[in-house]
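Novice: Provided herewith is a single structure, encoded as structure tokens, for subsequent inquiry.
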Amino acid sequence: MWRFVARRLLHALPVLLGTTFLIYTLVFVLPGDPIQGLAGDKPVPPAVLAELHARYHLDDPLWTQYAHYLAGLLTGDLGTTFTGRDVSDLLADRWAVTLQLGLTAWVLELVLGMALGVWAGLRKGKWDDSAVLFGTTLIISVPVFVVGYLAQLVFGVRLGWLPVAGTEGGWPLAFLLPGLVLASFGLAYVARLTRSSLIENLRADYVRTAHSKGLSRRRVVVKHTLRNSLIPVVTFLGLELGGLMAGAIVTEYIFNLPGVGQQLFQSIQLREGPVVVGTTTALVLVFLLANLLVDLLYGLLDPRIRHD
Amino acid sequence: MTETTRTLEATSGAAEDTASDTTPPPSRQRASLGKDAWFELRRRPTVWAALITLLLMTAMALTPGAFTSLLTEAGDRCDLADSKLGPSAGHPFGFDLQGCDYLAQVIRGTRPSLLAGLAVTAASLLIAVVLGLLCGFYGGRLDALVSRITDIFFGLPFVLGATVILVAFPDHGLGAMILVLTVLGWTTMTRIMRSQVIALADADYVRAARMLGARPVRLMLRHILPNAVTPVIVVAMLNVGAVISGEATLDFLGVGLQYPQVSWGLQLNAAQAFVLDHPHLLLFPALFLSATVLSFILLGDALRDAFDPRLK
């Protein structure tokens, strides 16, 4: 077991290093002088330029610069805003909202997505199967921000069933609608994945054997088929956990939820480059760590992965 | 040297002869698979709907002027007095924020979306086929290196990665966006292509061809590629829709195309502040965008069903 954990951690290390290096090179190194970039068209006094270059190690070779940046990341330093505030401070009270939203969406994906998929798969070819297929295709093809505004307009404003925006309703009430919107794409995907996997497994020999042994349909479906057909679904849901938390930018903005994604959106609008980069890096790290965690858990659950 | 080349040519020529003696020629086989798939596809009404939608969108992207002058009266004229007016008889989509005819604007927004979707997918497909063939066929150090690089890019969520890069270059056009989306998007197809090639490189018919003296390039292009590429094509079709959707999301977030360029994502971005009172601003670009994405997804699904009889 420990060998498995060690191997996974060793495997994750180059990905973490590579991703941060990629972000670092693309953002800080390629275009022009970053200090001049901050000042815009105004000339920067040479003394100030030299001082800032020294403070941010801008004259060092790329590897040294990256090492400084990485050391900062490890100690939780995501850079500073134009006004000198730490980006990690700015984000500190926002993580709770993002976590709540991400988990709500994840649970909705898991429960609704699987339920829809199993229902459609068991009634393959009937009208409800076609309805689920059509509906999920439609949801996948409409961009999430359009889904968000439509849901807000219909359920929040016109029908008044759920809060329109903000977190005043508290969890879970205020997070239901944004959670559903954030989950919509993944939910549709989970439903289709569950459906096709279930249909494929229902035709397998072991299912026929179970049937001919005289087991009830319920037992064959629940005990034999579902367990096997949920493997790809569980894999997808594992990857989604990080993706949902990192991908909540649009949803948090539309529903005015004060999470990390909303901060990112606002910083993009205000053209605050350093905050955008710091926040994005933080979200990417969350995404990668969540994936690593799920990977480790997955090894605990499925011995085949641990041993191979 | 020349002699060895000639013998190699001769043996590979011989390989071709023997292959055509025992099995039907590859060209006829491919045509029949394609014909089979086409027979499957043309029976589906959704395929026809998707094809017609995409043809219309392509025509709009190629000659927006023809459509705007045909469908709108004075579609080029903008009058601030008409700002945000709803649909009316002469102007079925109403007017946008600047008082321009919205139908004309939505038609003009087709080109960047379609261009981004197709160009990014074509470039990713090319990278996927080349890297997938080389890594899957030769394995070894090259394969390990490319796989690690794929892991790294895979660890970067699409919207976040694009946001970071695009914010660093504020003055980018469509070309830079296509580049960024390609850099972030080539991994999925490459992984699929690689695993396909690995599975096929050990197949009996490839071993036979190798023993008969076929060179690696010939093995890859003639024997492995045609059989390995179908799942990648299906994913590519779905990918066009995903890229179009992603490009619109980036425009909406404000990191994609910038004014005064015209695109569906930018129109949706402008619409967000007025959604409650002027829903038509959101509705029409969203409709065009979703119809295009939906068409590519339907085509991809249909292609997969046609090429993969196991799902029937």
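Glycine is treated like the rest: Cβ placed from N, Cα and C.
Annotations for this protein, taken from TrEMBL, read as follows:
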type     : residues  : note
DOMAIN   : A:95-298  : domain 'ABC transmembrane type-1'
TRANSMEM : A:12-30   : transmembrane segment
TRANSMEM : A:95-119  : transmembrane segment
TRANSMEM : A:131-151 : transmembrane segment
TRANSMEM : A:171-191 : transmembrane segment
TRANSMEM : A:233-255 : transmembrane segment
TRANSMEM : A:275-301 : transmembrane segment
Novice: Where, among A:95-119, A:131-151, A:171-191, A:233-255, do we find the most CB pairs under 8 A to the transmembrane segment (A:275-301)?
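Specialist: Selected stretch: A:233-255, with the most Cβ pairs under 8 Å.
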Novice: For the transmembrane segment (A:171-191), I need the partner stretch with the highest count of C-beta pairs below 8 angstroms, choosing only from A:95-119, A:131-151, A:233-255.
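Specialist: It is A:95-119, which has the most Cβ pairs under 8 Å.
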Novice: By Cβ distance under 8 Å, which residues at least 6 away from the ends of the transmembrane segment (A:95-119) in the same chain are close to it?
Specialist: 128, 132, 136, 167, 171-172, 175-176, 178-180, 182-183, 186-195, 198, 226, 230, 233, 237, 240-241, 244-245, 248, 251-252, 257-261
